[in-house]
């Protein structure tokens, strides 16, 4: 779920503020998404959106509401003991996105952009 995802980002990027920083970034970070990603970070969000879309094809899986178990160790997120396919899948979506975010530069000019750029 989004609370776990936010915590995973804080694990890979200590001191970050995931909700304000990433909820309205580029064309894909935040709700929805379209067009061409504006940079590497936005591409991370596009891939994460697709991963959640793939998770929704698992019967009964609702990624935004799915609770899972994970652990943060040395800026790495580790998915732990998630007994259902949905939980394991969603945890991995969030884990991979958090790692991607940690590698991608944050460009303030791509925060709260005019969405006409995303067509």
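Just so you know, glycine gets a Cβ as well, placed from its N, Cα and C.
Here is what Swiss-Prot says about this protein:
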- 11-72: disulfide bond (DISULFID)
- 27-118: disulfide bond (DISULFID)
- 28, 30, 32, 49: Ca(2+) binding site (BINDING)
- 29-45: disulfide bond (DISULFID)
- 44-100: disulfide bond (DISULFID)
- 48: active site (ACT_SITE)
- 51-93: disulfide bond (DISULFID)
- 61-86: disulfide bond (DISULFID)
- 79-91: disulfide bond (DISULFID)
- 82: N-linked glycosylation site (CARBOHYD)
- 94: active site (ACT_SITE)
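Separating the Cα atoms of residue 93 (disulfide bond) and residue 72 (disulfide bond) is a whole-number distance of 15 Å. Around residue 79 (disulfide bond), the same-chain residues at least 6 positions away in sequence with a Cβ under 8 Å from its Cβ are 68, 69, 70, 88, 91, 92, 95. Using a 10 angstroms CA-CA radius around residue 48 (active site), the recorded positions that qualify from 27, 29, 94 are 29, 94.
Candidate recorded positions: 44, 82, 86, 94. Nearest to residue 30 (Ca(2+) binding site) by Cα distance: 44. In this structure, of the disulfide-bonded residues 11, 27, 29, 72, the smallest number of CB atoms within 10 A of the CB marks 72. In the structure as shown, the Cβ atom of residue 94 (active site) sits within 10 Å of 27 other Cβ atoms. A straight line from the CA of residue 94 (active site) to the CA of residue 32 (Ca(2+) binding site) spans 16 Å.
Between the CA atoms of residue 44 (disulfide bond) and residue 29 (disulfide bond) there is a gap of 8 Å.
The distance from the Cα of residue 32 (Ca(2+) binding site) to the Cα of residue 45 (disulfide bond) comes to 10 Å.
Annotation: 30 carries the greatest number of neighbouring Cβ atoms among the binding-site residues 30, 32 [cut-off 10 Å, Cβ to Cβ].
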